[in-house]
Amino acid sequence: MAIKLIVGLANPGAEYAATRHNAGAWYIDLLAERLRAPLREEPKFFGYTSRITLEGEDVRLLVPTTFMNLSGKAVGAMASFYRIQPDEILVAHDELDLPPGVAKFKLGGGHGGHNGLKDIISKLGNNPNFHRLRVGIGHPGDKNKVVGFVLGKPPVSEQKLIDEAIDEAARCTELWFKEGLAKATSRLHTFKAQ
């Protein structure tokens, strides 16, 4: 299946723009910039959207303007309107279980406590079988500190690693369309920013 919708999860507003929880949106912003496809607000899809063409395939980009725990509202609206199936969707999100500087593709699975993923699974009819781009942000080491951690800004040294991983993920997304998921996954999964 070709990917028809790429989503970057985030919380809306300037106060959240630089927080770890918005790593998915950073990836979409970079992809839109690389492909010269500026995002614009589209209220009927509850988010910022753009359309790109990769290897002849029409692909929609989406950054929801809902809060993270309501991300499924935007994803569900766009998927329904364009008749996009779950396995044609790639969702980029921050990942506590990967260190900064690492990003990985994954198909399906649970939500791992991520409220954005949880809502998307629910709004896609409890179907978790969409692709994910997991952008490593690291873990605070104590589960009671997770909320403050994801809503905090990474130090400059970590931000640099996250940005490098996102840059590689954007390149590997283009590679996915050119040479397939296996090749893109192999390249991305051997990358670690230093």
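Glycine is treated like the rest: Cβ placed from N, Cα and C.
Features as listed in Swiss-Prot:
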SITE      Asn11  site 'Discriminates between blocked and unblocked aminoacyl-tRNA'
BINDING   Tyr16, Phe67, Asn69, Asn115  tRNA binding site
ACT_SITE  His21  active site, proton acceptor
SITE      Asp94  site 'Stabilizes the basic form of H active site to accept a proton'
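Here the features listed in Swiss-Prot are painted onto the structure.
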residue	record	contacts (Cβ under 8 Å, 6+ apart)
Asn11	site 'Discriminates between blocked and unblocked aminoacyl-tRNA'	Thr19, His21, Asn22, Phe67, Met68, Leu151
Tyr16	tRNA binding site	Ala10, Asn22, Leu151
Asn69	tRNA binding site	Asn115, Gly116, Lys118, Asp119
Asp94	site 'Stabilizes the basic form of H active site to accept a proton'	Leu9, Arg20, His21, Asn22, Ala23, Gly24, His114, Val135, Ile137, Val150
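Under the three-state DSSP scheme, Tyr16 (tRNA binding site) falls in the coil class. Taking the recorded positions His21, Phe67, Asn115 in turn and counting surrounding C-beta atoms within 10 angstroms, the largest count is reached at His21. The tRNA site is defined by Tyr16, Phe67, Asn69, Asn115, and by the 8 Å test on Cβ atoms against their centroid, the other residues of the chain that qualify are Asn11, His21, Thr66, Met68, Leu70, Ser71, Gly116. Those residues noted as binding tRNA (Tyr16, Phe67, Asn69, Asn115) have their most widely separated CA atoms at a distance of 16 Å.
DSSP assigns Asn69 (tRNA binding site) to a helix.
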